[in-house]
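K.L.:
Below, the features straight out of TrEMBL:
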ACT_SITE  E360  active site, proton donor
ACT_SITE  H391  active site
ACT_SITE  K511  active site
Amino acid sequence: MSVTETAAWKALEDHAAMMQNTHLRDLFLADSSDKKRFDELSLSHEHLLLDFSKQRITQNTLTLLKALADNCQLNDWKARLFNGDHINTSEDRPALHTALRQPEDSHLALANHNIIGDVHANLAHMASMVERIHAGQWRGYSGLPIDTIVNIGVGGSDLGPLMACKALSDAQPPEGHQLKMHFVSSMDGSQIADLLDRLVPTTTLFIISSKSFTTIDTLSNANTARQWLKSASGVKTELLNRRHFIGISASAEKMNQWGIPENSQLNFWDWTGGRYSMWSAIGLPIALRIGMQGFKAMLSGAHAMDEHFKTAPFEENLPVRLGMIGIWNINFLNIHAHAILPYDGRLSHLPAYLEQLEMESNGKSVSRQGEAIGYSTCPILWGEIGPNAQHAFYQLLHQGSESVMCDFIAPARRYDDFNNKGLQQQHQLSLANCLAQSRLLALGDAAIAGNDTAPIHKRYRGNQPSTTVLLDELNPYSFGQLIALYEHKVFVQSVIWDINPFDQWGVELGKKMATDLLKPLENEPSYSSFDSSTEGLLNAILNKQEPGQ
Ligand SMILES: O=P(O)(O)OC[C@H]1O[C@H](O)[C@H](O)[C@@H](O)[C@@H]1O
């Protein structure tokens, strides 16, 4: 039976029909005498506080959402996730990113083997590499110590480390050892071409990050890097492979084939999904940036969120509430756009990270039973640093025709250690804007006395729901909590929608099609015929590429 046929779903539909004309303004007005809405609807755990009071919900909504979660056996699914059941059914494997942050003395058996031992052996290998590089003992072909790292990867092998290195940029690496870090992902070569112009071959180390080690984007960038080193050094490829490349993958065989020596390889496992992999060896750039201790603090923060998700009751559970309110917005209030708005420049890559995490996980319309789904799943998610977005797309949030749900994310404290009043004031300014925007989006004109008589083009209708995620401060631990919070939120929603969030078949066919299209572009005979648009464009490109045209 489809979830939409259940009594729990229908009760929520009825409730939504009643709530349809209730403005957030009314919900706050009803609360104006005792001002309890915030206390009743916000939740906190350790360093995170989530304010849900600007969501279009009442206590009754939460009760009905709990009935839906129970009906969908959310608690059983949580147990299956943590126990390592093969819940990624289309690939017949578990999804065990949570095991990557389990403490060393814990235990998780997969086919009678304790994988936590493997996880920590891997961390130790990673730590030894980090130590060598930080100590200046990893030397390039000319004997000079490495001082520049380039991570080559894409999707899950890029976005997590990229986001984390920026988010934790205030964290000091051990002994002040500052490596220059760069990230290359795009297949068109523009990032690597730009970098190679500026980098010094003797002191640059490339990390080739790819779960499959077959991703053409990554391998083509890696080949370009090796070619650059060859031309600059004139030394043998074998020496370059040894001194200038680290490989991170679930396939040792593929790394061997490319030429990465065994002791420069870091492995992880097929039960770690690409977009859930920054906690594995894929996180090496993070450890290089903030040190192994910082990396482990990030794992501990995520583990604390795992434990909270696993054990806290529905009424207190942050990821469960975040996920279920998303369900309410999407499936019952018909809101299909979701903006991620961090009020801290260090979180500038969070929107791109969540775009992959949410849309690649839950952007699906087939159920676990292989049936077409007749209800909405993952919304369109996008975002930008809040203060910059205010000068760009907030116009649409305030006066456009679309309902949009927003996540405002900010640390309460920043620049405590900076003896700079100007910076401290900038942080307060950013917080003031964060609070102002979520208030205006919720209440509309009612937030500003007198604006309700303004001409219509100056009016704000409000009623855009938002959640504010407040961190005490942004550090490796709270950052780990924050990302694990979103991972589990995505899982909660997948359970309600009855979909597998751990595969991504929708990205495969495009890759195959690109292989077919490369032939005519490289002037090789192609036996495929294409549609008229593709053929027209191919011909136009080929004509323009002919010399003298
Ligand atoms: O890590 P890799 O195997 O190179 O994969 C990199 C990325 O590419 C794929 O196309 C998937 O859509 C992503 O989930 C994955 O993270």
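From the backbone N, Cα and C atoms, a Cβ is placed for every residue, glycine too.
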K.L.:
H391 (active site) to K511 (active site): how many Å between their Cα atoms?
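P.N.:
Checking the Cα atoms of H391 (active site) and K511 (active site) gives a distance of 36 Å.
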K.L.:
Which ones in the same chain are close to K511 (active site), with CB under 8 Å and 6+ residues apart in sequence?
P.N.:
I216
K.L.:
Under a criterion of Cβ-Cβ distance under 8 Å and sequence separation of at least 6, what residues of the same chain contact E360 (active site, proton donor)?
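P.N.:
Long-range Cβ contacts: G155, R275, Q504, V507.
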